[in-house]
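As structure tokens, the structure follows; a few thoughts come after it.
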């Protein structure tokens, strides 16, 4: 049998040179990781990781300002590239000890740790566990067999693309670039907004007219912006409810079909949260769901009024899908609303998958439903 090759060793000088060329290499007690492909996705922002390049981040993983979850530490292992040469204590010009919890690569760090557990610095001491599925085959028809292991498995995210179907055509329909949603639905929103406004302008729309003509309320064209806004607000509530109670249902371990359905609807997104082709809703299945909600509004409200609410909700959906993509792939400026929302949403993926942060485009509904993720606190050490 062939001997397993050991990890590659890197000198501090080599790490320093590669970082100077634009790579983002960090270490955790001599284990070296290449985060170059992850910097733009980091919830703390690209610049934060760039400042850590060439340093030991073991202290920073425990915070403050943020204590990284077990899933985040497991995620880090995917970028492992080798070991820092022992005894190499050269300090690069950036990231000296004492700057935000980072220690220069090669600087003595005492005992080796991973996920907070002391470790002996040997090869493969904390590799990711062997997966329960065959990633070379479509996953959709495999996950149902995981049974009671499915819930834990699906909430341990990985950085790799997912194939769902054997059929290339079905696989194509299940993937969508972010701009397709904007291109398909924005013209629909604009057209239906014009239809709604011009129809209201005719003055024939009255509320409660199906019950009484004497006390029915006329709906003027000037009400359209407020009805449109009502539709957007209703969408934000619907977004929360679907995400919490449909996407985050826990399928029975014994039900192959419900597990498969859960993975198709949302589980695959939690397993691979940075698969860029699966961050927005494909237009074909989306049109079926959108058509259903339009039919419900037509039954509950006068035709033009229902259409006005619907188009506001459709606009809310487009904003939600665009924002969801940005929260995964954007790099908002620190201190902005979107920066906080991105950090909040990523916590949902890595630490609070089943207990909170079900609002995506807004945290508003997490307050009354008491699913807001609490702020982290750190006790001062003596």
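Glycine is no exception: its Cβ is also placed from the backbone N, Cα and C atoms.
Range 177-197 is the one annotated as transmembrane segment, of 177-197, 198-218, 345-365 (source: TrEMBL).
Given the ranges 138-158, 222-242, the record in TrEMBL names 222-242 as transmembrane segment. In this structure, 266 is the one among the binding-site residues 266, 270, 324, 345, 349 with the smallest number of other Cβ atoms inside 10 Å of its Cβ. For the domain 'Cytochrome b5 heme-binding' (7-85), DSSP puts the residue distribution at 33 helix, 17 strand, 29 coil. The binding-site residues recorded for this entry are 42, 68, 345, 349, and the Cα of 349 lies nearest to that of residue 248 (Zn(2+) 1 binding site).
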